[in-house]
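Here's the structure, in structure tokens; my notes come after.
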Amino acid sequence: MPPAYDLGHSGEAYQPLDTGSGGGNEACAPNSSSAQIRHSMGFRTSWMRQFRRYKLPMVLLMLLFLVSCLAYRILSVEQDAPPLDLHRSSPLLDAYEDFSAMRAGDLKMRIEEMVRIKSTVSVELRELESRRQKLQSDISQYNQKIEELKQELLREQTELERLKISVEQAQVAQREAVQRNTPDLALPRSLLPNTLPRKSNPITGGMAASCEMHNCFNHSRCSLTSGFPVYLYDPDEHSVQRKGYDIDGFLKTTLKQTLGYNAHIVKDPKHACIYLVLVGEALLEQDLLRNNRYAAQEAEHQQPSTPTLENDCPVDMEKLYSLPYWGGDGRNHVLLNLARRDLTSHRTNPLYRQNTMRAIVVQSAFEREQFRPGYDLIVPPILGPPGGDVWQECAEMVPARRKYLLTYQGELRPKQSSLNPLDAFILEHLADMAKGATQDQFVLQFQCVPATEQQEGDSLPDWTLCGSDSSRRQLLKDSTFSLILPPLNGRVSSTLMLARIYEALRSGAVPVILGADELRLPYAETVDWRRTALLLPKARITELHFLLRAVQDADLLLLRRQGRLIWERYLSSVQATVDTVIASLRDRLGIPPRPVPSVIAQSVFNSTFIPLKSDPPVGLDTEPEESLGPIEPPYPSPAFRRNYTILRMQAKEAWNDWLDPFYLYPQLPFDPALPSEAKFMGSHTGFRPIGKGLGGAGKEFGESLGGNYPREQFTIVMLTYEREQVLMDSLGRLYGLPYLHKVVVVWNSPKPPLDDLRWPDIGVPVAVLRAPRNSLNNRFLPFDVIETEAVLSVDDDAHLRHDEILFGFRVWREHRDRVVGFPGRYHAWDLGNPNGQWHYNSNYSCELSMVLTGAAFVHKYYLYLYTYHLPQAIRDKVDEYMNCEDIAMNFLVSHITRKPPVKVTSRWTFRCPGCPVSLSEDDTHFQERHKCINFFSRVFGYTPLLNTQYRADSILFKTRIPHDKQKCFKYI
């Protein structure tokens, strides 16, 4: 039997097996005994037999072990290796068997088997990898879902806190409603009389001379809630002139037209409080053919047609007494004698020494014994146009100092008139002052050279006008001050004197009225003439030059500005004069004016169409953990609360500061604030103090509105033009905005919105209004659907966070009379232009003068002023350029308040991702804005914009606070 060989791992037979029983290291000798050989062969045969019996299980066990090790090795390698390593075969497989000892067929089968194993393992590994990636994706999704749920939890918790706060606020409002003990005032309802005036006995001239409002006026026809109804006798149907006289056709037509625009006029005489009778200017029929405003005669070669003052009155008193509603004594009648073409005393005071009984006389010229203070009314002559813009008649306000310090042109008529010693001394001193050796220039002429337009014919002495209207206008434009001499013979007012005041104010020459303590000026009950003119007694004539030099530029420009405002509002036109007369009489009686008309809103949708709604995106613009305020139902601002007190307590402000006593407004930005303790002691209604009065940081701040005024909300007005998707995105971002009352979308396009357009449901009403036409002025229309004082004007592409909006709202509540907003701009002086002009500038600057209304809060009061008070030329310029409406609003507010706007937060511009390119990025846009600023300055007569060098941020911004406290706003 051949010897057995041990097969090593290398597959090589290197040594015969030891068959000896000793188990030594040496080989057996060839001469061993046969017994030993047999014993050895038997043992080997038995061992081989046992080996063959367990060979197959052992091989299988070994293969299983090898496969497990191989799989473990591959998996451990695959986890760290790139995917390409999966297809590589491990070199360890080569070490398990000696493939060189195998036959080719077995080797091929072995290779195929290993390939199959590899393929199977690769498939399993790919499945495991795919499963692992899916698990990782699921884990990532679940983690994201967890974060979303956490955010949702925070939002819900914040919403819950807001709801709790809202419930508390609602409970407070309920308690206030229960405890309310004052009437809830609203728009007044008219309480009108329904009968004609009762017949009374006529009164004598002596009794008429002592008439005052308490003994000659019937208050029973003028209820506080009547609205002051006024009836006009048609001058064509109820003429009160003598034969041969008639009223100028221009005056009759214009008066009826202007009164037709007045809200107080009624057609039914039964409802009237007062009755207007036009008694003048009455001229001879031949004089009506003349066109010269100041002519009293025909040409010089013609015979004068002047009636005497005593025996020829152009008013037929019997016709006056026979008016259908005269009532026997003329109670509640107003006699209008408006001078226009003839300014001489005999024509402008036809009612002198006539018994007008209880009727109120309204005219320019009064004798001292004729005028009844507090009853009769002095008005300026009608020297202007019927109405409309009058800014072109005025001169620029700057520079403060003009060529001449003081000017006067006049001549005493009739020439044979004599002066008293004081008046003669005044003229002598003025002549010496004009000849004095000073650098100041004077024009003081007391004789007309060349001859005046005004011819002889006045029987009463007075200082007549020299030259033509254009020559006087040019001189006054070069005058810093204009001297006004009083009428002679102790008259309290004359038409010529008032004409001088009219012309001086129109040209920006500050009137210096000598003898003002002896005179009565127009509307003196309401207009504060001390803010418009220098009122001096005659005794101050020797100190006149010193006083004029003592006036500083700021005071001089303030006088000039106030004079122009008074002229524009109360003197400039027939419309202004008539409206002021009615307002003055109404003010005497303490009756509120008519409510200012609002623009009736017209929806773009018809009454049957219901627009589609969509859920708005939630949580895009606000931090979920920041509570900005409670959720409240819509709460309109209380309106018309001060109907019967504002003109009693703030009449001077209404007439001289706001310059608008003609309308009653729902609210004013000038309404007074209560003392701090009043909100806790008896006047708590509506107030929501921080921490119920204890104050606090961010948490308490977010729960209450606080401040110095009762709770209120704001309305967003958004102008849009054919940018539906941009509009929808902007509306969606307003969801959940605290203190938002309503959104008003002004649809400026002639095309209606698409029927399938989905409007986001943001929790408050969204009114989509049809604009009358495509105009940027529509942004500031005072729509009746705007029911709050605060109005946030925004562009449809402005992107504002909720905290920014609310901070701006809170700041506006402390600056209600100003523009409060985000993007700041300024007007810069063009140094390269020798004539000087303004440039609009949007660069970053430490000083600004405008806040653009593309994102700004304004009071609704300014919407009324922009629509009804702002000169039409400015609104026309806005339409011409389709630009500059925001500049116009800044001009208006600064003009009224003399204050700059307030900028909030650090935002300078507003980027709208994905929005179409706006017009503001065009260079033409900026060139037009340069022109707008300079044009608006010419219209106003000066540039009312004022500079500011600070912006507003919240109190605790960038302040270190304890960890258990919150800031007012996280990012502001």
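Heads up, the Cβ atoms here are built off N, Cα and C, so glycines get one too.
Keep in mind the model is a prediction, meaning the values are calculated, not measured.
The active site annotation in Swiss-Prot covers ASP886, and the record cites similarity to another entry as its basis. In the three-state DSSP assignment, the secondary structure recorded for ASP886 (active site) is helix.
Residues annotated as UDP-N-acetyl-alpha-D-glucosamine binding site in Swiss-Prot, with similarity to another entry given as evidence: ARG723, ASN748, ASN774, ARG779, ASP795, ASP796, ASP797, GLU885, ASP886, ARG929. Under DSSP, ASN774 (UDP-N-acetyl-alpha-D-glucosamine binding site) is assigned to coil, being neither helix nor strand in the three-state scheme.
Among the features that Swiss-Prot reports, Mn(2+) binding site is placed at ASP797, with the record citing similarity to another entry.
Under 8 Å, Cβ to Cβ, and six or more positions away along its own chain, CYS884 (disulfide bond) finds LEU776, LYS877, VAL878, GLU928, ARG929, CYS932, PHE936. Positions annotated as disulfide bond by Swiss-Prot, on the basis of similarity to another entry: CYS884-CYS932.
Here Swiss-Prot flags ASN218 (among others) as N-linked glycosylation site, drawing on sequence analysis. Following the DSSP three-state reduction, the secondary structure of ASN218 (N-linked glycosylation site) is coil.
According to Swiss-Prot, the feature N-linked glycosylation site maps to ASN606 (among others). Counting every protein chain shown, 7 other Cβ atoms lie within 10 Å of the Cβ of ASN606 (N-linked glycosylation site).
According to Swiss-Prot, the feature N-linked glycosylation site maps to ASN643 (among others), an assignment based on sequence analysis. The Cβ neighbour count for ASN643 (N-linked glycosylation site), using a 10 Å radius and every protein chain shown, is 20.
The Cβ neighbour count for ASN843 (N-linked glycosylation site), using a 10 Å radius and every protein chain shown, is 8. Residues or ranges marked as N-linked glycosylation site by Swiss-Prot on the basis of sequence analysis: ASN843 (among others).
Taken from Swiss-Prot, the feature region 'Disordered' covers 1-33.
Averaged over the topological domain 'Cytoplasmic' (1-55), the predicted model reaches a pLDDT of 46. The topological domain 'Cytoplasmic' feature in Swiss-Prot is assigned to 1-55.
Taken from Swiss-Prot, the feature topological domain 'Lumenal' covers 77-972, and the record attributes it to sequence analysis.
As annotated by Swiss-Prot, transmembrane segment applies to 56-76, with the evidence given as sequence analysis.
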Site extent for UDP-N-acetyl-alpha-D-glucosamine (largest Cα pair distance over ARG723, ASN748, ASN774, ARG779, ASP795, ASP796, ASP797, GLU885, ASP886, ARG929, Å): 24
Assigned element (helix, strand, coil) containing ARG723 (UDP-N-acetyl-alpha-D-glucosamine binding site), judged by DSSP: coil
Other C-beta atoms that fall within 10 angstroms of the C-beta of CYS932 (disulfide bond): 24
The one of ASN218, ASN774 whose CB sees the fewest other CB atoms within 10 Å, among these recorded positions: ASN774
Neighbourhood of ASP886 (active site) by C-beta distance under 8 A, where only residues 6 or more apart in the same chain count: MET850, LEU852, THR853, GLY854, ALA856
ASP795, ASP797 as binding-site residues, winner by CB count within 10 A: ASP795
Nearest of the binding-site residues (ARG723, ASN774, ASP795, ASP797) to ASN218 (N-linked glycosylation site) - Cα to Cα: ASN774
Candidate glycosylation sites ASN606, ASN643, ASN843, pick with smallest Cα gap to ARG723 (UDP-N-acetyl-alpha-D-glucosamine binding site): ASN606
